[in-house]
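*Asks:* One structure, pasted below without further comment.
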Amino acid sequence: MTTNFLVHEKIWFDKFKYDDAERSFYERMNGPVPGPSRQENGATVILRDIARARENIQKSLAGSSGPGASSGPGGDHSELAVRIASLEVENQNLRGVVQDLQRAVSKLEARLSALEKSSPTHRASAPQTQHVSPMRQVEPPAKKAAAPAEDDEDDDIDLFGSDEEEDKEAARLREERLRQYAEKKARKPALVAKSSILLDVKPWDDETDMARLEACVRSVQLDGLVWGASKLVPVGYGIRKLQIQCVVEDDKVGTDLLEEEITKFEEHVQSVDIAAFNKI
């Protein structure tokens with residue numbers, strides 16, 4: 001009686017099995033890889049690395065064992081073949097250069113022979129003496145056949161003169177030029193040394209006629225003396241002095257002579273001083 005109600009109840013007694021199956025499914029789909037499969041993947045990675053390393057080693061060995069690095073007989077033969085080919089090319093180039101040089105030399109020889117045949121001096125007779133002048137008189141062929149003795153005499157004639165005559169002519173021209181230069185220099189006027197002098201002419205007192213004093217100073221006339229501007233400069237106590245400019249030639253007029261000539265006018269001139277002296 002107590003268990004009959006269980007017959008009518010709808011209870012899922014196998015639900016845990018379905019839960020376990022669902023959990024295992026999702027674990028396989030999203031969960032960690034099981035131990036055996038993880039080991040298989042690690043072994044696959046190691047094998048792949050080993051294969052990659054072997055491939056790299058083979059590539060490096062193939063690169064180092066090139067044509068230049070071959071040490072066997074085959075490598076030596078290939079190197080010799082390359083060197084022989086380069087030597088053959090150089091030989092051909094040198095042969096072409098030699099042929100070009102030979103052709104150029106043959107052309108030069110032909111041109112020289114043609115020039116020698118066409119030049120008039122080649123047809124002229126050889127000189128009798130070893131010492132010859134730069135140029136000789138060449139006679140026409142008919143005249144040479146008529147008088148061979150005259151040709152020998154003409155060969156001794158120097159149309160341009162000897163070296164001694166040339167030296168004499170050069171010496172004469174040099175002397176002529178020196179003489180002309182000396183004459184030209186003599187005709188050129190010589191430079192005259194001149195000086196500019198500023199004189200201070202002092203009177204006796206303030207009653208001295210300064211116009212008369214200046215007239216007396218300017219009355220001094222000498223060869224090589226030229227008077228210039230003048231002015232009156234006050235000294236003191238109403239006394240003024242005459243300051244006058246003049247230009248003299250040094251060879252003709254001296255300062256002492258000039259002072260003596262001015263101080264001759266004793267009535268007006270007390271003293272003469274040189275205020276400035278400049279060479280021109």
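Cβ atoms are placed via backbone N, Cα and C, with glycine included.
Annotation comment: Swiss-Prot describes 116-132 as compositional bias 'Polar residues'. If you look up Swiss-Prot, you'll see 139-148 marked as compositional bias 'Low complexity'. Marked as N6-acetyllysine by Swiss-Prot: LYS17, LYS107, LYS117. As annotated by Swiss-Prot, phosphoserine applies to SER37, SER60, SER86, SER106, SER119, SER133, SER162. The feature N6-succinyllysine is assigned by Swiss-Prot to LYS117. The feature phosphothreonine is assigned by Swiss-Prot to THR129. The region 'Disordered' annotation in Swiss-Prot covers 113-170.
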*Asks:* For SER119 (phosphoserine), name the DSSP secondary structure in the helix/strand/coil scheme.
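*Replies:* Once the DSSP labels are grouped into three classes, SER119 (phosphoserine) ends up as coil.
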*Asks:* Provide the number of Cβ atoms within 10 Å of the Cβ of SER119 (phosphoserine), excluding the reference atom itself.
*Replies:* 10
*Asks:* Based on Cα coordinates, which of the following modified residues are within 10 Å of SER86 (phosphoserine): SER60, SER106, LYS117, SER119?
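*Replies:* So the list is empty; none.
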*Asks:* Do you know offhand how many angstrom separate SER60 (phosphoserine) and SER119 (phosphoserine) by C-alpha?
*Replies:* 78
*Asks:* Cα-Cα, whole number of Å: LYS117 (N6-succinyllysine) versus SER106 (phosphoserine)?
*Replies:* 17
